[in-house]
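TrEMBL lists R11, H18, Y125, R173 with the feature heme b binding site.
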Amino acid sequence: MSQAPFSEVLRNATRDDHAAAENQDYLVALLAGRLSPEGYGAMVAQNHFVYTALDRVSRTLADDPVAAPFVLPELYRGEALARDLETVYGPGWRSVIEPSAPTLALVARIEHVAAWPGGYVAHHYTRYLGDLSGGQFIRRELRRIYGYGPDGGADSYRFDAIGSIPHFRREYRARLDALPAGEDERLRIVQEARLAFRLTTEVLADLGRTVRAEPAA
Ligand code: HEM
């Protein structure tokens, strides 16, 4: 049995996948201020489909002993993403968004793992802990670049209901470390988190191909 805390195992095993996601042209252009508000909205729209699926699966797992510590309604992103989309596209936002092929693949995978609590945790970790980590930096940059106020625009990275984010992240890692999973199951969860990163990277790569960015200075 490996004695390393599972949160560390996960973090180390996904380090390269994280770098691949973070370095996508789309995100680089976004954070360099080279995308229009609608160009940014294209990612928010894809996130809307992904988190609607993740939040829906969360609700189905609320009574599962393995998944329950991760089923935290204060993390649900559906309403915040809707506010952000309304800020970018106006009240008719629902009629201008559609899922890309990579988004449909990620959503299908999230729905598939609803039957496997460990797999659900892998996707939960990849997206929510990401939003609570680098996402906080992204939010500050979005507010600076697009001038969004405290409400709407970058709310999907805002987690008022959880209190101190560093404290929450520590508790989250403790929940990962306490997962009742043997060595084989841990390995499967690590593989699923890597898949979650890769599928997310595909979504970003697609955005990089379809969203027009201003040339780098
Ligand atoms: C430009 C985009 C991104 C930036 C600048 C960024 C930055 C960061 C930083 C600085 C951390 C470490 C925070 C800390 O330990 O205090 C982090 C953690 C994390 N990020 Fe990102 N990130 C980006 C994109 C992403 C994406 C697209 C995903 C998901 C596919 C993601 C998932 C994660 C996860 C799961 C963690 C937690 C790692 C752990 O501690 O176990 N990040 N990110």
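The backbone N, Cα and C atoms fix where each Cβ goes, and this holds for glycine too.
Of the chain residues outside the heme b site list R11, H18, Y125, R173, S7, L10, T14, L129, L176, A193 have their Cβ within 8 Å of the site's Cβ mean position. Counting only residues at least six positions away in the same chain, the Cβ atoms of L10, L176, A193, A196 sit under 8 Å from the Cβ of Y125 (heme b binding site). Of all residue pairs in R11, H18, Y125, R173, the annotated binders of heme b, the farthest apart have Cα atoms separated by 17 Å.
DSSP assigns Y125 (heme b binding site) to a helix.
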